[in-house]
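S.K.: Could you have a look at this structure, given as structure tokens, before my questions?
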Amino acid sequence: MNPAPNLVMIGPMGAGKSSIGRRIAKHFNLHFADTDHAIVERAGTSISTIFKYSGEPEFRRLEREVLYDLLNHENRLIATGGGTILDPENRHRMQKRGFVVFLKINVNTQLERLAHDRYRPLLQQIDRKQVLSDLYATRQPLYQKIADMIVTTDHMSPNTATAQLILDLTAHWQKSSNTA
């Protein structure tokens, strides 16, 4: 099994961190946690409301608190928000307390998957493709830098991506335990 205390899913919005993460957590008998859901619970309001009335800095502060709390436990699969990796301390903490899986997706697939999403604050723009392209350019190198494993989820259903990730994780952990 995973030699790290937790399994951490990173990647852009629409990559499948939550939907695939729930399935992976169930398969490996891990407690599932979603940082965005935990932020909403802690703040008592929606992410859109936090962005609108308190701004992105306050949202990122809450995100950091929630992430630290979740990482202080073990045997969790933590699905992070797409921007969690922007904070250098978050990146350090995720690497220290988890096996980090980057669910990679291209901008066109993101657009398809998020076409009807009207709740994400960063997508409340006229040119969604440009917003996603800009986010991709900024965040992609950070995702890759801290990832222990990269899985591309383009053109994969959640079930297919889950099955592939289970195979990849199992093979990686078996290989790691054989070389330890």
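Glycine is treated like the rest: Cβ placed from N, Cα and C.
Note that this is a predicted model, so its numbers are computed, not measured.
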S.K.: Need a hand: Swiss-Prot gives Asp36, Arg60, Arg139 for substrate, which of Gly14, Gly82 is also on that list?
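M.R.: Matched candidate out of Gly14, Gly82, per Swiss-Prot for substrate with Asp36, Arg60, Arg139: Gly82.
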S.K.: So the record assigns Asp36, Arg60, Gly82, Arg139 to substrate. If I measure every Cα pair among those residues, what is the longest distance in angstrom, as a whole number?
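M.R.: Between the most distant Cα atoms of the substrate site, 18 Å.
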S.K.: Sequence gap of 6 or more, C-beta under 8 Å: which same-chain residues meet both conditions with respect to Arg139 (substrate binding site)?
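M.R.: The list for Arg139 (substrate binding site) reads Pro12, Gly82, Gly83, Ile85, Leu86, given in order along the sequence.
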S.K.: Checking your reading of the structure: which of the binding-site residues Gly14, Ala15, Gly16, Lys17, Ser19 lie inside a 10 Å Cα sphere centred on Asp36 (substrate binding site)?
M.R.: none
S.K.: Since the record lists Lys17, Arg60 as binding-site residues, which of them has the fewest other Cβ atoms within 10 Å of its Cβ?
M.R.: Arg60
S.K.: Determine the Cβ neighbour count for Gly16 (ATP binding site): the number of other Cβ atoms within 10 Å of its Cβ.
M.R.: 22
S.K.: Using a Cβ cut-off under 8 Å and a sequence separation of 6 or more, which residues in the same chain sit near Ala15 (ATP binding site)?
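M.R.: The list for Ala15 (ATP binding site) reads Gly82, Leu103, Lys104, Ile105, Gln110, Thr153, given in order along the sequence.
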